[in-house]
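Colleague: So TrEMBL lists the following for this protein:
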type	residues	note
DOMAIN	A:86-275	domain 'ABC transmembrane type-1'
TRANSMEM	A:26-46	transmembrane segment
TRANSMEM	A:86-113	transmembrane segment
TRANSMEM	A:125-146	transmembrane segment
TRANSMEM	A:152-168	transmembrane segment
TRANSMEM	A:207-232	transmembrane segment
TRANSMEM	A:252-272	transmembrane segment
Amino acid sequence: MTSPLIERTDAAATAGARLRRVQPTLVLAILVLVVVLAWAVAPGFFTPVDPVQGDAAAALQAPSFRHLFGTDATGRDMFSRTVYGAIHSLSGAIIAVTVGLVLGTLIGVLAGSIGGVADDILMRLVDVLLAIPALLLALSIIILLGFGTTNAAFAVGITSVAAFARLVRSEVVRVRHSDYVEAAFGSGGRYLAVLVRHVLPNSLTPVIAYAALHFGTAILAISTLGFLGYGAPPPTPEWGLMIAEGRNYVATSWWLTTLPGLVVVLVVVSANRLSAALASRR
Amino acid sequence: MTDPAAPLIVADRICRDYRLPRATLWGPRPVRSALREVSLTVHEGESVAVIGESGSGKTTLVRILLGLGTPTRGTVTFDGRLVTGTPRSRMLWLRRESGIVFQDPYASLDPRMTAGQIIAEPLRALDIPGNHQDRVAEVLDQVGLTRDSVERYPNEFSGGQRQRIALARAIAHKPRVLVGDEPVSALDVTVRAQVLDLLTQLRHELDLTLVIVSHDIGLVQGMSDTVYVMTDGSVVESGRVERVLADPQHSYTRKLLASVPTFDD
């Protein structure tokens, strides 16, 4: 066995080629998310108009160059409100995803790695959580915690814990029975070390993809709660609340509901597209 | 270490039962015996082959020998120390003495680690003193891989190369015993011969005790000293390789030998 084998398989080369091929829808999705993120970070840069102060003389104006998204009944600029609303929706979605991801991963890893009775108990609890409709669960939690954007986001996060826990558990169980985990134990790896070094990193790819998907769902859920009046109080420019406020005028001033609604749809679809890209990258 | 005549590994009447799901609602859970009273002895420096078809319990046996599985009954001692009944966390001494190579080189390497990290795994986990990078480079030479393999990931290697990485990991911490669970059956014929040659060569260079499990009795010639033939969880025949190959006693061994393709008659 003297000659070193140096031929390479082309698996690495094709993976590189797949990454380099530009996917237009993915680029568009990332662009949308970047713009919305920029709105959240520096809203003043995109619109000089105050989102809360209205100009009564310019109430209920249709979209124009002066007011891109039109104005509402008190003369507030809807585009400005949408831009300033990004921070509420995004931070809410980030809180929701973090809560779901962290608690769900914790439960899933515990259930999947300990197994046995602990697994049964944890997963039956998760089943109970899954059996309650998400919106009902979120509303109950908000009523317990009190109204507000942060509480609404937290509630939305709790509703996703069960789904995260299930996904993480199934991944942990799959990886735990793989040969390389057995080999790691055979190499003298201790239980926790193997869990952290081998099981967790190999379990998390689909979980990250699901987190991106849930990011979109969370924005939608937070907007739903805002629409129902369980989220931010008026006059906060929160997307769900804006749509709710506009629905009395839907017959005469379509832009009040339609344009913020379209922004929500765009962001959700973009998050889904990004999630699909993350999921296919293995 | 101890009395040179004393065997290194002794498995004494090992049984392993698996409880299956209930067949009927109120009936007892049926039991399937993967191992029935299997005894096995491995001496220091010896090369032992365990031969049997899939489902004969040979993988269960090696897992138990290395303390990666527990038998229902029976005991295993390694160098006079009891393996069975010891919790996994207190078996680091056994890990230091043994290395294992699995069947599928595509499944036994963590896809997120570089070859260097994989090979250094036992050095790190067992807290082996010395420079780990130097040791990794040294083992890479021994298994016939280039030193620049260190930075590459498993998916950049072919099946045979991956099995060499697995082999490098198994010998990195200088174990006394190397256990192979079907180490070549996932490889194609030419690569297989290379890896087998490498195993034999390493055994002599490093004074390894070798325990190889395989379904292929054709593999034992020139490679093993002692062979155990298993079927349905029991050892049906064992002895020196030359004796078993020349004069098989059990009908199952004869059946296995008859199925080996040969060029001459």
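For all residues, glycine too, the Cβ spot is worked out from N, Cα and C.
Help me picture where these features are in the structure shown.
Modeller: Sequence-distant neighbours of the transmembrane segment (A:86-113) (same chain, 6+ residues past either end, Cβ-Cβ under 8 Å): 36-37, 39-41, 43, 119, 122-123, 126, 149-150, 152-154, 156-173, 176, 195, 199-200, 203-204, 207, 211, 214-216, 218-219, 221-223, 231-232, 236-239, 264, 267.
Within its own chain, the transmembrane segment (A:152-168) has Cβ neighbours under 8 Å at 91-93, 95-101, 103-105, 107-109, 111-112, 122-123, 126-127, 129-130, 134-135, 137-139, 141-142, 145, 203, 206-207, 210-211, 214, 217-218, 221-222, 225-226, 230-232, counting only residues six or more beyond its boundaries.
Long-range contacts of the transmembrane segment (A:252-272) within its own chain (CB-CB distance under 8 A, at least 6 residues past either end) are made by residues 28-30, 32-33, 36, 60, 62-63, 69-70, 72, 78-79, 81-82, 85, 89, 212-213, 215-217, 219-220, 223, 239-240, 242-243, 245-246.
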Colleague: By a Cβ-Cβ criterion of under 8 Å, what residues six or more beyond either terminus of the transmembrane segment (A:125-146) are in contact with it?
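Modeller: For the transmembrane segment (A:125-146), the list is 107, 111, 152, 154-156, 158-163, 165-166, 221, 224-225, 228, 230.
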